[in-house]
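**Student:** First the structure, then my questions, so here it is.
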Amino acid sequence: MKSLYKIVALAAVSTLATSCFNKEKPNYQLFPNMYESVAYETYSESSAFKNGKEGQVPAQGSVPRGFTPEEYPNTPAGLAAARLNSKSPLDSITSGDLDKAKQLYTIYCAICHGDAGDGKGNLVKREKFLGVPSYAERELTEGGIYHVVTYGLNAMGSHKNQLTQTERWMVAAYVLKLKSEL
Amino acid sequence: MSSHYEAPIRKPLVIGDKSYHDITVDVARPVETRANKQWWTVFTIALIAFLWGAGCMVYTIGTGIGTWGLNKTVGWAWDITNFVWWVGIGHAGTLISAVLLLFRQKWRMAINRSAEAMTIFSVVQAGLFPIIHMGRPWLAYWVLPMPNQFGSLWVNFNSPLLWDVFAISTYLSVSLVFWWTGLLPDFAMLRDRAVTPFSKRIYSTLSFGWSGRAKDWQRFEEVSLVLAGLATPLVLSVHTIVSFDFATSVIPGWHTTILPPYFVAGAIFSGFAMVNTLLIIMRKVVSLEDYITIQHIELMNIIVMITGSVVGIAYITELWVAWYSGVEYEQYAFLNRATGPYWWSYWLMMTCNVISPQVMWFKKIRTSILGSFIISIIVNIGMWFERFVIIVTSLHRDYLPSSWTMFQPTFVDAGIYIGTIGFFFVLFLLYSRTFPVIAQAEVKTILKSSGENYKKKRENENHSHNH
């Protein structure tokens with residue numbers, strides 16, 4: 001009997017000790033000495049900035065090391081010029097690069113354009129929205145694709161946040177390959 | 001009576017015409033009477049010192065170790081000095097109760113209870129320092145090898161600081177059990193004499209229902225002997241481990257193989273001095289002069305003298321080895337001790353620890369209460385400086401001259417030390433009014449062999465036989 005009391009008491013204590021945890025809230029912390037960063041962490045909020053965000057926009061016209069500003073502006077004229085004149089800086093697209101390009105295409109493009117580039121991506125098939133053309137219907141150049149991926153066109157948004165310049169050129173090469181297979 | 005042989009050269013350990021009942025009454029008197037004004041005065045002073053020290057500890061933990069006088073070169077100073085000092089003091093209690101038991105020293109019986117109390121109270125003081133000198137003491141539980149959620153992250157068993165944790169905690173628990181086992185018959189005596197229901201209740205709880213049957217006594221003796229056998233290697237290893245904190249380092253002045261036995265000798269030295277300090281006062285205050293006789297004090301003085309000489313030899317050995325080693329860092333460490341900016345602490349230590357115990361060669365001094373009392377205090381001052389000298393003078397000047405610095409304690413350093421002294425006396429004063437300060441059950445076993453009246457009786461009988 002005595003041991004039963006002990007078991008019940010122990011169970012009660014452990015229930016009591018663990019019952020204060022609320023799943024909707026972060027749990028209690030024991031001496032959170034270095035849990036919160038003293039330095040600014042990426043994407044953190046801070047009242048030190050006007051918009052409250054740690055991520056501040058760099059000064060207009062500044063160029064970071066290892067980056068070349070886009071040659072063609074985000075205008076219909078720029079697109080037309082890019083279609084004609086813009087060339088891939090990549091010397092050659094090897095099969096390894098194509099694998100990488102395929103992965104990038106599958107991640108960022110295939111959801112609308114379809115794995116084969118036929119305009120029948122999952123979102124189109126499920127009729128979330130329509131009007132995605134097949135690559136076969138369009139006249140494409142490498143520079144044009146790069147320009148569209150960089151700035152977007154009509155319903156398509158810019159993808160320069162997702163893909164680096166090199167990656168965009170790789171995707172452009174892969175799109176041309178898909179087009180040739182359609 | 002005449003069948004018992006004891007060398008007539010042995011002096012009586014219990015003075016006066018004592019019977020078993022007299023012993024009981026004498027031992028129970030401080031517990032059964034009310035404390036006088038002096039007791040309350042001393043207790044209040046000790047309590048204030050303790051509270052002041054507690055405040056300093058709270059301030060340290062709340063504000064940071066930077067409130068102490070430590071710096072980047074001298075990361076250990078008063079904290080570890082006091083730690084080692086208190087641990088050292090604690091060692092005499094175990095020495096008296098365990099080692100002297102193994103050597104069948106009957107004179108230990110009147111002093112072992114208080115010596116063990118001193119052990120426990122001073123180990124408690126010592127135990128504070130490893131916690132409060134931590135930068136983040138609230139994470140102190142990480143020193144324990146417990147399964148946890150950090151992928152069961154464990155401690156590194158290579159650090160003597162971890163061995164300290166095991167040594168001190170084991171030492172405290174074994175000492176406590178040893179002390180308490182010995183207390184059972186005495187608590188039972190107080191229980192049986194208690195007149196108020198409250199004290200009856202208290203002492204029956206504390207005495208664990210001791211009824212003093214033959215079987216109980218037989219087992220009691222066996223347990224005492226086994227615990228004494230365990231406590232003896234423990235007492236040697238605990239201070240050895242404490243000395244490893246320094247001896248296993250690479251610091252010139254610390255890295256010496258002599259440290260373990262030399263620290264243990266120093267511990268016995270300072271511990272016995274402290275026992276002397278306390279008992280000289282206690283025997284007077286609670287009128288136990290018949291049990292803690294001048295012979296007891298003399299014998300403790302002899303141990304102080306012997307261990308003091310061992311410590312003296314260790315000092316000379318260190319100096320010899322430093323010169324003999326040809327290591328300029330080692331040589332400089334000792335040159336710095338003797339002639340550096342802390343020369344005064346080194347020479348204070350040398351005077352207190354090497355010269356003062358040598359006066360015990362004079363019977364006049366070692367049998368003088370005042371002389372013993374003064375020397376016992378001097379020894380404890382000297383032993384505090386021994387630890388201070390070892391720690392600070394080795395740290396403040398070592399390999400890189402660009403890291404040479406000085407150490408200056410702050411009031412917080414001093415406040416915590418004073419606080420532990422206060423806490424020690426709070427505990428000891430409370431102990432001396434609530435616990436049987438003499439192991440009456442043990443003293444009763446030597447009454448008929450070493451009591452003054454019985455010895456006289458035997459002497460007279462022998463004389464009549466011879467005629």
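Note: Cβ is positioned from N, Cα and C throughout, glycine not excepted.
Nobody curates TrEMBL annotations by hand; they come from automatic prediction.
Quantities reported herein were computed from a predicted structural model and do not represent experimental measurements.
From TrEMBL, for reference:
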- B:39-63: transmembrane segment (TRANSMEM)
- B:83-103: transmembrane segment (TRANSMEM)
- B:115-141: transmembrane segment (TRANSMEM)
- B:161-183: transmembrane segment (TRANSMEM)
- B:223-242: transmembrane segment (TRANSMEM)
- B:262-281: transmembrane segment (TRANSMEM)
- B:302-323: transmembrane segment (TRANSMEM)
- B:343-362: transmembrane segment (TRANSMEM)
- B:369-394: transmembrane segment (TRANSMEM)
- B:414-431: transmembrane segment (TRANSMEM)
**Student:** Mind checking which residues reach the transmembrane segment (B:223-242)? Cβ under 8 Å, same chain, six or more beyond either end.
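**Tutor:** Non-local partners: 83-84, 87-88, 91, 94-95, 97-99, 101-102, 160, 163-164, 166-168, 170-171, 174-175, 177-178, 181-182, 260-261, 263-264, 267.
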**Student:** Might you confirm whether the transmembrane segment (B:369-394) is in contact with the transmembrane segment (B:39-63), defined here as three or more C-beta pairs under 8 A between residues 6 or more apart in sequence?
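**Tutor:** These two segments do not touch.
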**Student:** Go through B:161-183, B:262-281, B:302-323, B:369-394, B:414-431 and flag the stretch with the largest number of C-beta pairs under 8 Å relative to the transmembrane segment (B:83-103).
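**Tutor:** Counting Cβ pairs under 8 Å, the winner is B:262-281.
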**Student:** Please tell me whether the transmembrane segment (B:302-323) and the transmembrane segment (B:369-394) touch - that is, whether there are at least 3 C-beta pairs under 8 Å between them, with each pair 6 or more apart in sequence.
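**Tutor:** By the criterion, they touch.
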**Student:** Between the transmembrane segment (B:161-183) and the transmembrane segment (B:369-394), do 3 or more CB pairs sit under 8 angstroms, pairs being 6 or more residues apart?
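**Tutor:** Since fewer than 3 Cβ pairs under 8 Å link them, the transmembrane segment (B:369-394) and the transmembrane segment (B:161-183) do not come into contact.
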**Student:** Taking a Cβ cut-off under 8 Å, which residues six or more beyond the ends of the transmembrane segment (B:414-431) line up next to it in the same chain?
**Tutor:** 39, 42-43, 45-57, 60, 78-79, 82, 86, 117-118, 121-122, 124-125, 128-129, 132, 278, 437
